[in-house]
Amino acid sequence: MQRSPLEKASVVSKLFFSWTRPILRKGYRQRLELSDIYQIPSADSADNLSEKLEREWDRELASKKNPKLINALRRCFFWRFMFYGIFLYLGEVTKAVQPLLLGRIIASYDPDNKEERSIAIYLGIGLCLLFIVRTLLLHPAIFGLHHIGMQMRIAMFSLIYKKTLKLSSRVLDKISIGQLVSLLSNNLNKFDEGLALAHFVWIAPLQVALLMGLIWELLQASAFCGLGFLIVLALFQAGLGRMMMKYRDQRAGKISERLVITSEMIENIQSVKAYCWEEAMEKMIENLRQTELKLTRKAAYVRYFNSSAFFFSGFFVVFLSVLPYALIKGIVLRKIFTTISFCIVLRMAVTRQFPWAVQTWYDSLGAINKIQDFLQKQEYKTLEYNLTTTEVVMENVTAFWEEGFGELFEKAKQNNNNRKTSNGDDSLFFSNFSLLGTPVLKDINFKIERGQLLAVAGSTGAGKTSLLMMIMGELEPSEGKIKHSGRISFCSQFSWIMPGTIKENIIFGVSYDEYRYRSVIKACQLEEDISKFAEKDNIVLGEGGITLSGGQRARISLARAVYKDADLYLLDSPFGYLDVLTEKEIFESCICKLMANKTRILVTSKMEHLKKADKILILHEGSSYFYGTFSELQNLRPDFSSKLMGCDSFDQFSAERRNSILTETLRRFSLEGDAPVSWTETKKQSFKQTGEFGEKRKNSILNPINSIRKFSIVPKTPLQMNGIEEDSDEPLERRLSLVPDSEQGEAILPHISVISTGPTLQARRRQSVLNLMTHSINQGQSIHRKTTASTRKVSLAPQANLTELDIYSRRLSQETGLEISEEINEEDLKECFFDDMESIPAVTTWNTYLRYITVHKSLIFVLIWCLVIFLAEVAASLVVLWLLGNTPLQDKGNSTHSRNNSYAVIITSTSSYYVFYIYVGVADTLLAMGFFRGLPLVHTLITVSKILHHKMLHSVLQAPMSTLNTLKAGGILNRFSKDIAILDDLLPLTIFDFIQLLLIVIGAIAVVAVLQPYIFVATVPVIVAFIMLRAYFLQTSQQLKQLESEGRSPIFTHLVTSLKGLWTLRAFGRQPYFETLFHKALNLHTANWFLYLSTLRWFQMRIEMIFVMFFIAVTFISILTTGEGEGRIGIILTLAMNIMSTLQWAVNSSIDVDSLMRSVSRVFKFIDMPTEGKPTKSTKPYKNGQLSKVMIIENSHVKKDDIWPSGGQMTVKDLSAKYTEGGNAILENISFSISPGQRVGLLGRTGSGKSTLLSALLRLLNTEGEIQIDGVSWDSITLQQWRKAFGVIPQKVFIFSGTFRKNLDPYEQWSDQEIWKVADEVGLRSVIEQFPGKLDFVLVDGGCVLSHGHKQLMCLARSVLSKAKILLLDEPSAHLDPVTYQIIRRTLKQAFADCTVILCEHRIEAMLECQQFLVIEENKVRQYDSIQKLLNERSLFRQAISPSDRVKLFPHRNSSKGKSQPQIAALKEETEEEVQDTRL
């Protein structure tokens, strides 16, 4: 960054903001970069501001029982705030004085006051000086208040972040990431620009009192008629505001539904295309959009009338003020024009300034109170440690994550045990964790000496992580004692990578020791990985380490923990993402050798680790199931250990699979069972349909108290994203950082908010910060958005001046129309993270405007209609001017004096009432035309938004995956949320305001030109100057806003990153370092924002200066060239004041339109995306309520045979595939043939291309070559018809928000009887029947109430309903329990007995059922043969599979000679037989 010119700027340069000229000049000539931005003044640095506020807040905490944050803010900023407030008041006072001078100038042209004609020139000078003084007072005052607001925001930003790092885990479990981000964005943003409004809470009443006194002098008691009307108008607008809020709240739910479906569609676009659901999803979203638009129109109409009421209230205010006085005493024109000027200022004070000031104080105090409550939350308390101790001891320790929930948990458990019925499923496999109670540890006792290894095992949710958290102090024990030295190192179950180099992530602030560093790198098997990078360990890792694989991230996290020299190492499942060989090597070299003399607590479910541990602690439901050595485990729990040991392949299973087996074993041999139970009996009981699970599931949904989730770290299924291989391990951070979780309202809420709507009961969950830290969220997590129309805070009144525009309307371009709730503004959340679609030109092109206007043909006619109405209004204005200036009337009190044609006095004789009738009639006509002129325009612009949304949705659904792969999900969702909200809410009224302001300016100039042609000559160069100044400023301002948006992203990214690694930060004591990084991010954003505010003030002040020069010219031209007659000079000066203030407003409004039109540009960019495959001849799947043929098949063979494919024979010739056009081939020359009904297994190492081949068969990639199914080539039929030939069970399960019926049959092709039949076949009937509404039960949140196994069965049911002849399965058994796995195997044998099956699977027992195997190595087919030939050790088969697969496939070669076959096979067969009599 460059050194700021502000530091050396003179007082004059600071006053006129001339120091910003270099950046404006550079931005106009070239594109600005971050290096061009000026450094911030030291007074604005986050370090200084946070230290200042933190000192005052600590003082407040120490001195009072009820500390108030506002007191700390007052001591920091109050006097500067009041200083600028006084300047603002003085500037407002000048606005009240100006009409007095205007009245004196008009009076000097009265024929009876010729003696005052000589002082008219001096009055004109005084009037011009008032404009100059107002300019010099208001702009520095407004900028100073904005500056103070910015400093307050920065200080509170830092205070909140520091507090976040200190919060206890219990508090973090109650606060969502959405609430935290909202606290930093939505609430604190109120201070930046709203602070200038705060002073009007006292300025406006003083101004009203002053104005009423001046108007009283002119009109006496009739002045209160106008004031009364303004008060009624304010109340009327408040009523409209409440009506608008009602429509907004109704509309919010509809927008939320649409965005939920849209976000799920975007996240699972590959599955949507694989299922051929594009048209079903489009129809579903468009139906929701139709309902939403009905409420959008109602809200827009109310906002329009609210805005129009202000526009046209000026006439009534003047008319009601003048009429009573005129009827009684008569009135001169001087009083009319003076009253007009007074009423303009009065109207702004009563209907705008004061209500907005009250609202600003209300919002600001509410935000301060929320922040104050947050700053007083319970903090993390480190346990009292004994630095001299060498052992780790726990004595009778009991703990709850929810304070005070112990008794509630026991009561809820007892209640549910009393309500057991016989209609449910007791299998724990389907829930993965208990749905009851809080995570709890009960009566834990153990003692480990220095240098010992304690292995902690247990089923999912048993309390293993909670145990480590209690040792770290994150979880406070409610009973018992904990003893250790306090020097702890920690490795989280889910690897956390901070932005920085690999070396920085491992050292993590600890002093560098070369020998220790190299030893750790070697022990953690990172040497080979680091050597592959050109920068070695100095390579910079992105957010969350997205450039690394899951295994690399896990090893770096482990290396970080090992590198720190500590007394106690807490390792929470560090091997989750490692293959068998790497895991074994790291355990031996690192855990057992390098750390041999250290005390270690290792959470693991691997039998090999239990054997080598000094002590073993097995947890079950929070209690100690066993504590002792491995030999004691074998002696005391022979059944437990023998069952695990009997599975020779147990150690080779994935962590999830081991957890599943361990869970079931623990259940069968729980301490609760007093009597011995045989294996067979226990197994049968475990699969018996008792109804306990069903009742628990219902209670967990229907009863919020029973739905307190159990804290457990549930490993996520590796995501398959955009056709990448199955272990691509799409990092969770990429989704969470872009789309923060939504949350309703208050800081502390129940864990589940339940919305029950009869049969369509919906259970919605949120993601707390603690969930974010543990990543224990549902895979199908969707984005809940509650979108509402933004309330127009600004009505662009033509009478308003520059200052009013600046204070009240600059926020226009930042208003969003998006909210999740009153607490969380979704637009603020979205703007917290930089949008990669912002790579559009800085200024909207004319082509965008032309395309926008021609989207809907009616828009052109509506614009013509607006022009016709405008011409009629100009004619009406000329009639009014004729009445005011050219009607010969007589004064009631001076009827004896003769007058010429320019008599300026109106009398109230009976004959003269007709003048008022004409005036009122013309004004009413003008008012009516004005009220309804913009209504067709607003209506049509909303229709344009509807059309653009439809086109964009269709374009995204039809776009090829190669295009969608290059876009972030958050960026796509921004178009459907942020940009569509702008098109719906902001753009229509902003365009209407701009057109109206522009036409008003043109009309007023035309009137003035008729009255005084010389003024028209002066107007032309002023308009040219405005246009040039706008173009000059716009280039720089848009770029600065872009840089500011980019600078905002690191702040919130750093917040999310810190929260994810908070336990690690605390364990390593790195909070100060991360506070420093946060302050750097704040300073970067401040530099951009401060420069934007400064350049904006430069622009506003230059506009004001041009206006002042113009008004000086108009004043002196009028005084010097106008003859006798008050009417002419009064009209000229009054219109001149309004012309220029309106022209300023029009210029600024055009900038707002340009800014909002960037959203239109982004929408057009999506509409112009390429379309995949051949266009279909029929794009409407529904006709007259019935499903029509979606695709017209062009192949003659298919036309003759309605049932295609009939056999399922597939021939692949020279198939090659690429992710993007021009990219590297990821599959090369793949050729093979499959006979009808044959099963083919795909084998190969991770990353060899197995899942990619399945995507290529579905034509989801850029492919070359030929594929034929039953003799029909894929080039001869349409794309969707080709995909309908396949049934798909993807690795990433897709459950969208909707009913069971919609999820199974989105096109509504099948009857309920057929759906229930398929549900019976796949074992889903009992699952569906336990929910209210059954098939009509609404699934939300990615089907959060279903287990992963249930979701896989849903996918299986879809394939059965599709009646496809070719089935593609991509890891269907990943993370499945044995029961669901056996159901899928059974269904495949029965329902797909005659189908061709292509299976990508890691479970060997499933692969052995295939007749042929396709071995893929290095993106090519290495072998395609039967299993008998592949078993030959000299074949390429053994080279193509991983070592772990080799162990599974050849168990007899890897076991001892006397060892029998794995008992897991027997278990599999017994389970399969049992399943025949068990419905799930």
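Each residue, glycine too, has its Cβ placed from N, Cα and C.
For the residues ASN894, ASN1454, the entry in Swiss-Prot flags N-linked glycosylation site at a single position: ASN894.
Checked against Swiss-Prot, the domain name for LYS329 differs from that for SER1311, so they face opposite sides of the membrane. The candidates are ASN48, ASN900; Swiss-Prot tags ASN900 with the feature N-linked glycosylation site.
Looking just at the region 'Interaction with GORASP2' (1386-1480), the mean pLDDT is 60.
All protein chains considered, the CB of SER549 (phosphoserine) has 17 other CB atoms within 10 Å. Summarised by DSSP class, the composition of the topological domain 'Extracellular' (217-222) is 6 helix, 0 strand, 0 coil.
In the topological domain 'Extracellular' (320-339), the DSSP tally of helix, strand and coil residues is 17 helix, 2 strand, 1 coil.
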